[in-house]
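Here's what TrEMBL has on this protein:
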type: BINDING; residues: 164, 165, 166, 230; note: NADP(+) binding site
type: DOMAIN; residues: 5-119; note: domain 'Tetrahydrofolate dehydrogenase/cyclohydrolase catalytic'
type: DOMAIN; residues: 138-279; note: domain 'Tetrahydrofolate dehydrogenase/cyclohydrolase NAD(P)-binding'
Ligand code: NDP
């Protein structure tokens, strides 16, 4: 039987620690500020932005909210980013994705000052992660490492398999596991004999975006399984890329959906904002 890794509780614990850090900074009259830019009213983006603002409030982080029209030009968006880059009081700049089709996402992300890129998507920060230099790591992969560490799951020397090679999850989590001395394999849609590959894993990170695809047949007995996916099942309940019921009896530890990786993402974003202020002090 697996241990259920309670991401909600671990995220709550991290947020408590961060709240204390914000209070410490406040004693020296230092406020941490996150600027959130949303273009258009994509319903999922609205939910994510609201959650980020609510978490800022909870921790005492000041949030600046920019809700731009769907038709906003790329030029106008870039000029807002330049303005925020130059502002001494702004520690983090976050552009909620996806952006409307007429805006080039890459150009926008590249325009953010890497020192304020708390989402960790700027090529500078991607390179910093790869070289082991100081930078910002995206919230989801950083949260996964934190979940493993706080659940006493050893990474050093372990066989780690990541399914998925996206820039926001698969590649950065593979880099982080490598930095923790895991032996890392990245699988993707061209991987031959996926089950044979995943069955080698002591730690299996699943970020494929395919609802409940990974069942017990993909999992080595005793493995720790981290499910990054977010989907809705037929009954409209949230579920992941992993078939939880099937894998639970085989694994030694498993993250549920909801309440696993999800809550960690925002907590780690907040951590990056505080870190940004610290570095600039
Ligand atoms: P992407 O769609 O960008 O990437 C999916 C990856 O899975 C690709 O690398 C793809 O391979 C691989 N893949 C797809 N099908 C298969 C298959 N049959 N066998 C092996 N590999 C396969 O997804 P993301 O990384 O952005 O997200 C993954 C999941 O995580 C989604 O469900 C998303 O909603 C969720 N998510 C959750 C977050 C959270 O906070 N909890 C944050 C971000 C994402 P290839 O490259 O060859 O196409």
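Every residue gets a Cβ built from N, Cα and C, even glycine.
Features recorded in TrEMBL, as mapped to the structure shown.
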{"residue": "164", "record": "NADP(+) binding site", "Cβ neighbours (10 Å)": "23"}
{"residue": "165", "record": "NADP(+) binding site", "Cβ neighbours (10 Å)": "17"}
{"residue": "166", "record": "NADP(+) binding site", "Cβ neighbours (10 Å)": "15"}
{"residue": "230", "record": "NADP(+) binding site", "Cβ neighbours (10 Å)": "17"}
